[in-house]
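To start, the structure under review is shown below, and the notes come after it.
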Amino acid sequence: MRERLVAGNWKMHGSLVENKALLDGVVAGLTGLEGVRCAVCVPYPYLFQAQFALQNTSIQWGAQNMSQYEKGAYTGEVSGAMLRDFGCTFVIVGHSERRALFGEDDATVAAKFVAAQKAGLTPILCVGESLAEREQGITQQVVERQIQAVVDQAGLDGFRHCVIAYEPVWAIGTGKTATPEQAQEVHAFIRGLFAPHDAALAQSLVILYGGSVKGSNAAQLFAMPDIDGGLIGGASLNAEEFVTICKAARR
Ligand SMILES: O=C[C@H](O)COP(=O)(O)O
């Protein structure tokens, strides 16, 4: 049986004071919870704060981006090894905000995926179509292209130690959630891309849904056969809401 995972993506939110309350609330709410792995992906400056608060808990932590380069003259960049130094398990790569606002193309995302694994991190690879692409009926082509770019650099083997997050861009931060059926259709499609090459790998892939997941809609989404958990933006900034979502993902 595939494991369940719920990861929070705080995006560019928080402060030392706010984070303390949020982390305390998450720890209190999730202590003793079994049947689901929980994590938070925090802004770089707060990695140490997350590590300090979560190190003796079952909750894991990670970053929201990293450099594709190992080290060197790359002003402003953060390497995978640096994230490991702060105990990160996960790093998000290819979030649609990085793709759309910071010019990350498929090849760059793939290079980051490879660099993350090299550093011992588990990449959470985000894929998903825009509203225009959905309306053109090319959701599957877009998602396949984004995944193929990573297969080209990481090989199929690269997918043995990663998480995929399907995040339709039109559902991110908009309050407009994909219906469980819409999400399931794409999740099954993603799994199906791997099945002809390696059926066991396809079955073992952890595929999260992201896009306006809330305490009130999480259970219906997580009830779908190919949805293994969620990547949670806005709702991960509220401890009670995040805990509710994590509980909804329990097996
Ligand atoms: O990484 C998380 C996604 O972008 C979803 O964000 P959201 O839950 O605020 O819609």
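The backbone N, Cα and C atoms fix where each Cβ goes, glycine too.
Automatic prediction, not curation, is the source of TrEMBL annotations.
Of the residues Gly32, Gly35, Gly173, Gly192, TrEMBL puts just one in the substrate site with Asn9, Trp10, Lys11, Ser212, Gly233, Gly234: Gly173. Taking every protein chain shown into account, Lys11, His95 are the recorded positions, and of these the Cβ with the most other Cβ atoms within 10 Å belongs to His95. Taking Lys11, Glu167, Ser212 as the candidate recorded positions, the subset whose CB lies under 6 angstroms from any atom of ligand 1 consists of Glu167, Ser212. Across Asn9, Trp10, Lys11, Gly173, Ser212, Gly233, Gly234, which the record gives as binding substrate, the greatest C-alpha separation is 14 Å. In this structure, the binding-site residues Gly173, Gly233, Gly234 were compared by how many other Cβ atoms lie within 10 Å of their Cβ, and the smallest count belongs to Gly173. The two recorded residues, Gly173 (substrate binding site) and Glu167 (active site, proton acceptor), have Cα atoms 11 Å apart.
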